[in-house]
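Shown next, in structure tokens, is the structure this report addresses.
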């Protein structure tokens with residue numbers, strides 16, 4: 001029972017990681033860049049949300065409804081002002097530019113919000129749980145998992161079925177050819193980053209409700225998102241979702257073996273996947 | 001038909017070489033003229049220069065971007081502590097023996113991570129550094145999160161320790177800066193420069209890009225580890241968060257980007273700027289780091305050559321000339 005409970009908790013944790021990972025998979029798939037501020041943006045949005053809840057008295061769902069558009073706007077701005085200048089074959093400029101921004105952002109948050117850990121009150125929902133047979137499942141983690149599933153499904157359908165998704169895939173396959181048939185790469189890129197950071201609005205709200213956030217947490221969330229994407233397989237939206245589940249389960253089981261081993265277990269599974277199936281578990285060999 | 005000869009050395013290069021040698025001799029002789037505080041500062045600066053130069057070789061020439069070089073700082077430093085403190089090896093010998101650890105570790109790390117594309121490789125190195133930090137935190141042999149102290153150093157007098165620190169700092173600079181200079185002047189340097197400019201074209205000219213990248217990854221891991229062992233020998237204390245501190249990557253990236261990527265001169269300029277910025281503005285903590293982060297960002301966006309790149313546009317006087325120029329033997333420059 002101990003282990004089954006571990007797996008269930010791991011899947012629920014994976015729901016949160018999936019929300020981190022989707023945006024990263026989307027951005028790398030379309031632009032081949034990694035935004036090092038990915039995790040810091042989760043923290044920034046969460047801290048904005050907590051401040052909104054304290055100052056304007058917003059409830060958790062109102063915070064969520066505010067953070068998603070704020071995230072989308074931030075993403076659009078980030079792409080327009082910065083990332084569009086560094087997209088290209090050379091990974092160095094985008095990596096270093098966002099790396100520098102990440103340090104600046106973490107310390108700016110430290111100045112504004114101090115190093116305290118904060119969390120968002122959910123009005124009792126954090127304590128609520130339901131029993132599935134002998135296992136108790138928190139209502140909030142369940143909502144997070146359902147949300148993650150819907151976001152993944154929605155993003156996957158958008159990519160496959162809509163005109164916008166087609167232009168994203170075209171820009172991802174060959175940006176010059178896409179430009180020739182009327183896709184404006186800069187607009188497509190800005191929309192992709194807006195979606196990616198908009199999804200982080202969900203991640204930020206749930207992270208702040210489930211546990212705590214502090215300005216220095218960003219790198220960990222970046223790393224978890226990255227591990228989920230690599231475990232699942234590059235460029236696949238459902239792969240990132242499944243990778244997040246595997247990462248969550250690895251960490252939850254690791255924590256049950258020894259509290260100091262949880263996060264490390266996730267890293268080890270990531271390295272093992274790189275060693276055995278570098279293309280990711282859910283990606284067919286090219 | 002005129003005859004040609006290839007020249008690399010310039011007047012500025014000769015002057016710089018004399019100054020570099022004089023500086024190394026001065027550093028070796030520090031115990032006889034400098035204060036304890038100055039020796040400590042010079043050791044720290046030498047470590048900054050070494051870590052930054054190793055990142056410069058990796059990213060600026062090898063085209064391999066890493067944000068997890070602290071992995072090698074920590075592994076070598078811990079290896080040195082274990083050899084000296086646990087097994088009683090002479091600490092100064094232990095510094096050199098400990099370099100085997102990053103060399104051995106670099107091979108599987110590169111083997112695993114080179115399967116990831118460009119930017120993902122970099123984040124992968126960060127994961128490895130984090131994993132090693134957690135391993136060190138969980139290892140009873142390393143005294144876990146509480147860290148270790150280098151108590152064996154008490155058997156040496158303050159003067160003996162000062163001599164060792166000074167010699168190690170000089171050796172560190174000689175190996176990382178001098179070694180890079182020699183490497184860049186050799187035929188490997190031509191291959192590296194070709195690879196930096198265009199890996200595909202370099203491969204078509206017979207450069208084994210994959211093998212060269214692996215070799216440069218191992219070599220820079222050893223150089224970075226050397227700096228780590230020297231730094232923590234001076235600190236006398238090590239903990240997993242300090243050994244695997246992401247700030248090692250931050251400072252290497254800042255120094256190289258602001259000083260000028262792909263040049264040895266830029267690393268020295270950047271390291272001196274970082275050293276004094278840290279000294280003078282470090283007390284402002286977060287605000288100072290905001291400026292540092294934004295400077296890195298601005299350099300990556302607008303000044304890819306950094307300060308040295310801007311300076312070189314005005315004055316053609318390299319301190320470490322690696323370019324080959326063709327000289328006509330009848331006196332005229334071609």
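Using the three backbone atoms N, Cα and C, a Cβ is placed for every residue, glycine included.
Per TrEMBL, the stretch carrying the note transmembrane segment among A:61-84, A:253-276 is A:253-276. Long-range contacts of the transmembrane segment (A:135-159) within its own chain (CB-CB distance under 8 A, at least 6 residues past either end) are made by residues 1, 4-5, 8-9, 11-16, 18-19, 22, 26, 122, 125-126, 128-129, 165, 168-169, 195, 199, 202, 206, 209-210, 237-238, 240-241, 244. Sequence-distant contacts of the transmembrane segment (A:188-208) (same chain, at least 6 residues past either end, Cβ-Cβ under 8 Å): 16, 19-20, 22-24, 26-27, 30-31, 35, 38, 41-46, 49-50, 60, 63-64, 67-76, 78-80, 83-84, 87, 118-120, 140, 143-144, 147-148, 151, 155, 164, 167-168, 171, 178, 221. Counting same-chain residues at least six beyond the ends of the transmembrane segment (A:6-29), those with a Cβ under 8 angstroms from any Cβ of the stretch are 35, 38-39, 42, 132, 135, 137-138, 141-142, 144-149, 151-152, 155, 172, 192-193, 195-197, 199-200, 202-203, 206-207, 210, 221, 224-226, 228-229, 232, 234-237, 239-241, 243-253, 255-256. If you look at the transmembrane segment (A:220-241), the same-chain residues 6 or more away from its ends with a CB under 8 A from one of its CBs are 14, 17-18, 20-26, 28-29, 34, 36, 38-40, 42-43, 148-149, 152, 155-156, 159, 172, 203, 207, 247, 263, 266-267, 269-270, 273-274, 279-283.
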